[in-house]
Structures are given as structure tokens and as C-alpha cells.
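Everything below concerns the one structure shown next.
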Amino acid sequence: MKFQLHCRDHEARRGTLTLAHGTVETPAFMPVGTYGAVKGLSPDELHTLGAGIILGNTFHLWLRPGLEVIGAHGGLHRLMNWDGPILTDSGGFQVFSLGALRKICEEGVRFRSPVNGDTCFLTPEESMRIQQVLNSDIVMIFDECTPYPVDMQIAESSMQLSLRWAERSKTAHAGNPNALFGIVQGGMYESLRDHSAAGLCAIGFDGYAIGGLSVGEPKADMQRILRHTAPQLPADKPRYLMGVGTPEDIVHAVAQGIDLFDCVLPTRNARNGWLYTSQGILRLRNSRYRLDTSPPDEHCDCYTCRHFTRAYLHHLQRTGEMLGARLNSLHNLHYYQRLMANIRKAIETGQFEQFARKFSGQDFMLKCASV
């Protein structure tokens, strides 16, 4: 892996990330393909949209289709016929999401499979082995996602466990030529975030992620922790904010020096009939669009906006036609990829601060509420 920074505009960074399966222009947004597919879209469509890297989920792919199937294809790229880079989450967040179904100990996490009820045991070593079979371009360490809300004592214990698992992850990753990223934890406590970041930097990783955010905390707390944590990470390594977020969240995080993002919002909201547009969020189920023959966004050149009207998409949403979810997903992911391209251009030209004003504060939120 090679990461090259080309320029900055204050803390916002413009770079290039070179990985085994290709080059990623940063800041970049990674569409989420949890089960080895971005819901409803083909790899060719993702390329056309401008996606340079996608995300897969170790936990879910381990359970289905399983390592035997993935290994028979020679890895996740050939299984899903995607020739670009792939980042895989380690499974820590998904195990955290199981709640009472899982039991955490020093060695790892024991849980009941949500697929068939079998008892499973996931450790840092097993997570690294799975991701090696997947042949992920970027491998994430196995960590415990600190719950929210939680008191400082529990958050510290969780953070320390994640640091010990980080060391084990790096040891188990030895010999794998693909990149390995550490994950900063520590909940909503700045001092714990400092300790986590320092510990990970001492171990040494190819890149660093900020985890444990967008887990139910108020946005003000998320932004506070992000502002505090990002400067603690090495300037010459890529920085990844996990699971975030809205267009406004992304622009705010780029201003703090973040390079990589992933989130299910564009595709999940697409399936629910929410489209991101230059005028804010368009809610297709609203009856006001029943006779609206205008495109979803007059300023968008995606396939959906060039070929279909709001009235037709409203009809598809109301009738539950799968074409509607596909067309909406094409539009939303195009919106996100265009947003990232515009961010990169703004940084290159020294105009990022002006660009960010369009997505900050009350003006953008009023647009979202009124379209």
C-alpha cells in the first residue's frame, strides 16, 4: 500500500491511495456491499458511478456464503466479479450489534449465529485468517466497538481490550501483503481516545480508523470526538471514519482531515424512497409527486435523472417495484460519488472552505426539511 498526499486546504487533504487492486482518489466514499454485493447494483454500474473502492463485511461473509465458497473462487474479488479495491470490516461492530446473543472474553467473542443458531467463536486471529481468504485490499483489526452510552470505567476496559486485540491482529496478519488498519476506540471520552490512538501508533499500522461513532450518540458528541481524535493520527497515513454518514457529516469530517468513508445511508434511504438532491432530501412517497413530471434533480446527470420523472419513481415506490429501489440507489450513489469528486476539486483549488458552507448549519438542514 502507498498513500500520497497531494495538497491540503487547511486540514482537508487530497491524496491517492494505491492498493493491490487499484488506485483510490481521496477523500473517497466506499459503497457498502455487506454480503459481497452493493444491494441491487452490478459491479459495472458501480464502476460507471465512479466508485473506486467498496466495503464488504467479514462477519456476514464468514457466515454466508462461507470461506469454502469464497476460497473456491480465489477470494472475494472473483466471487463478486469486482476488480477494484475492497476494504473489509473485521466483524467487531456486527458482533457488538448482537447484544445479549454474544459473550466477550479476553480470547475473543462467543455468540450464536444469527443464520442458524450455531455457536461461533471469533478471535483476532480468526478474523485475520478470514480476511486473508477474502483477499481484502484493506484489512481491519478485530476490535470491540465501545457501546453507547457507557461510563468511563467500562469504556476504558473496552478500549484496553481492543488495544490487546490490535496487537494480536497485527501478529496474525504477518505475511499478508495487504494493508492493515488500526481502529481508535474510547467512547465519548477524549482521554481514552488519546490513549487508544497512542497505543495503536506504537504498534504501527498502514492506516488508522476512528470507530465507535455513529452508534446513537448526539451529533455534537460525534463531532467533538472527531475533532479531538483526528489530529492524533499520523499525518502520512490514511484516516478512515467508520460508518459515517450524511453528506453534511462527510463534509465536516473532511474538514477535520478524514480520507475514507463508508455508510449504508445512500442505499438504505434509496430503498425507502429518500433521494439526495442538490435541493435537499426528496421523499418520493409523498403524494405531491404523483403528477410531477420533472426529474428527481434537474442538476443531476445520473441515469435515473436523465430517464425518469418524479411521478414514475413515486409510482414505483408506492407499488414496491424492485426497479424503483435500483433507480433510487443509482441516483443516491451517484450523488455521493459526485459529492466526493467536488470535495476533491475544492481542496485542489483551495476553495474547500467556501464549498463546505453549502453543507453546514441551518441552510442545508432547512433544504432537507422542505423538499
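Every residue gets a Cβ built from N, Cα and C, even glycine.
As recorded in Swiss-Prot:
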ACT_SITE  ASP89  active site, proton acceptor
BINDING   ASP89, SER90, GLY91, GLY92, PHE93, ASP143, GLN185, GLY212  substrate binding site
REGION    243-249  region 'RNA binding'
ACT_SITE  ASP262  active site, nucleophile
REGION    267-271  region 'RNA binding'
BINDING   CYS300, CYS302, CYS305, HIS331  Zn(2+) binding site
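Neighbour density around each Cβ, counted as other Cβ atoms within 10 Å, peaks among the binding-site residues SER90, GLN185 at GLN185.
If you take the Cα of the residue listed as 'active site, proton acceptor' and the Cα of CYS305 (Zn(2+) binding site), they are about 33 angstrom apart, rounded to a whole number.
Checking the binding-site residues (CYS300, CYS302, CYS305) against GLN185 (substrate binding site) with a 10 Å Cα-Cα cut-off leaves nothing.
The region 'RNA binding' (267-271): residue composition by secondary structure is 5 helix, 0 strand, 0 coil, according to DSSP. The CA atom of GLY92 (substrate binding site) is located 38 Å away from the CA atom of CYS305 (Zn(2+) binding site). Comparing the Cα of the residue listed as 'active site, nucleophile' with the Cα of every entry in SER90, CYS305, HIS331, these being the binding-site residues, the smallest distance points to SER90. There are 19 other CB atoms within 10 A of the CB of CYS300 (Zn(2+) binding site), with all protein chains counted. Cα distances from ASP143 (substrate binding site) to the binding-site residues CYS300, CYS302, CYS305, HIS331 are smallest for HIS331. Residue density at HIS331 (Zn(2+) binding site): 27 other Cβ atoms are found within 10 A of its Cβ, drawing on all protein chains shown. Separation of the C-alpha atoms of CYS302 (Zn(2+) binding site) and PHE93 (substrate binding site): 33 Å, rounded to the nearest whole number. GLY91 (substrate binding site) has HIS331 as its nearest neighbour among the binding-site residues CYS300, CYS305, HIS331, going by CA to CA distance. Calculated from their C-alpha atoms, the gap between CYS305 (Zn(2+) binding site) and PHE93 (substrate binding site) amounts to 35 Å. Assigned with DSSP, the residues of the region 'RNA binding' (243-249) fall into helix, strand and coil as follows: 3 helix, 0 strand, 4 coil.
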